[in-house]
């Protein structure tokens, strides 16, 4: 209130020169309270012209590139691309709505609202966001779990049978889909605001490709009921896909022949035209919109497509607690797929995609889309390839594709009410063709990296056996385990010098390198930490040929023998001194004359038997000395070690201490600057 009553005229052009005057006025305003003054000054500094402009341009990328949009260079390509992708959105949106277990028209909504939001906030120029098969099947698992058919059974007096209240069921499923989409968008926005875009680094390419292949199998199995015209029971939980396949096989005799024929004809036609598009890709100005040609063979199963747009409705908050895990999985999967494709095209065309901004853009798309009853979206490879191949250069193409969907929803949506679900299922099968070709990754990875191949296969199996959400978590855990195992079981080697150079290479891999006499150079291919510290010591002993335990044991035995000899000599000297004293007393008393063995100082000549014993002891002690063939020094080459935990530091200290006991010097070489300073005493 007091700020409003004080008229402060601040000339932003003189901000820095008048900062002291402003500070004095603020001190007067806030009764010289430094905390309030500092807060206001910090706020004004952040809201100064250049910083505010930079913040706005980075948060709303469309403000940076749209004013510089070149109509001459980009307009034609974006127009053709937008129409082509918009035509693809129509059948894919309705088909993927079946995967999400919601009415087909909501697939059209999901192909409109989120695209416009991404157009404003997205940083990629080429990806086509919208409905995506993997995301849709994950949504479908949630909607069918929380709104199963059994919850909407009603008794039909006309037929005296129980039947599903389809309208009530679909209404509830739309609420569930909107709730999980809204919550997944909030997760993505939160991760983006806290700069958590690096989370995608845990989704390696083999993991993503194996996961999408496994999810594609889930999609195919879920559409078998539309292909054969049967109604299998829904299974949930682990091995649900296996149970579904078994039941589909059991119901095959009940196949609707008409539906099967429509499906087969649609699949064959779609595949043939897809291959024709591939073969004539450079000659055709735009791909043939084959997805639209199947509607003429259909059965009336899609149903009513209402014209117009839905009013915004806030999602049902009571559902959030039941879908929070699914929402987080959706947020990670959707972001991982979108950023992967975005980076591919950014690298190809020489621009940068902001990973955190992508999280915010997708989060806003899903959050606002959830308010308009959309289901979660991501990036589609097939649409992105069409958008790029037909000349699309900016997100204007995506905005134009959304306009195509808007025209369909407002005026011509009713024309597609006769499209059979069997044709939509066929469209899904054909669009998954690219994902199924990913099985060819297995022989390629086998030749290049067997661990990555193992991650791919394990991810596929885990995703197929479990639901896509649980399969994703298990796959990430397995991928992390492979990293741990690779660091826990690294390759250890001894380094030798390439003649007449300062280059050192592993002696087991190069036959022309020479080890330096008296020096062992040891290297591990991984960092040193608690998981491999013990194996590091064992490998050092094996490679260097130094059995520290045996040598130290020999040294301790020799030391023990030396101590026993000294004690024996001390006891003998004491005994001889006592005996000599007695002899001296007897001689003085004249009782008898005995030649003393020792003089009065206790210096005695040992007898022959004692000489033999001492020679034996001396011989044993001499044999316990370290072998002269042992190295004078050991050098630990630590270039792969990028961090050391407390166990690693203790391991290096222990190695140094043990080798010092056998007179071998330990040195560390090529240490990273990030290593603890406590090991600096050993650094060369």
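The backbone N, Cα and C atoms fix where each Cβ goes, glycine too.
What TrEMBL records for this protein:
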- 96-121: transmembrane segment (TRANSMEM)
- 176-198: transmembrane segment (TRANSMEM)
- 210-228: transmembrane segment (TRANSMEM)
- 240-273: transmembrane segment (TRANSMEM)
- 327-347: transmembrane segment (TRANSMEM)
- 359-378: transmembrane segment (TRANSMEM)
- 398-416: transmembrane segment (TRANSMEM)
- 460-485: transmembrane segment (TRANSMEM)
- 509-657: domain 'STAS' (DOMAIN)
- 563-582: region 'Disordered' (REGION)
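The transmembrane segment (359-378) makes no contact with the transmembrane segment (240-273), as judged by fewer than three Cβ pairs under 8 Å among residues 6 or more apart in sequence. Residue counts for the region 'Disordered' (563-582) under DSSP, split into helix (H, G, I), strand (E, B) and coil, are 20 helix, 0 strand, 0 coil.
When pLDDT values are averaged over the domain 'STAS' (509-657), the model yields 74.
When the stretches 210-228, 240-273, 327-347, 460-485 are ranked by Cβ pairs under 8 Å to the transmembrane segment (176-198), first place goes to 327-347. Only residues 6 or more beyond the boundaries of the transmembrane segment (460-485), in the same chain, are considered here, and those with a CB under 8 A from a CB of the stretch are 134, 137-138, 141, 202-204, 207, 210-211, 213-215, 217-218, 236-242, 325-326, 329-330, 332-333, 451, 454, 531.
Same-chain residues lying 6 or more positions outside the transmembrane segment (96-121) and placing a CB less than 8 Å from one of its CB atoms are 59-62, 89-90, 129-133, 136-137, 139-140, 143-144, 170, 173-174, 177, 219, 222-223, 226, 302-303, 305-306, 309-310, 357, 360-362, 364-366, 368-369, 372-375, 377, 395-396, 398-399, 401-402, 405-406, 408-409, 413, 421, 424-425, 428.
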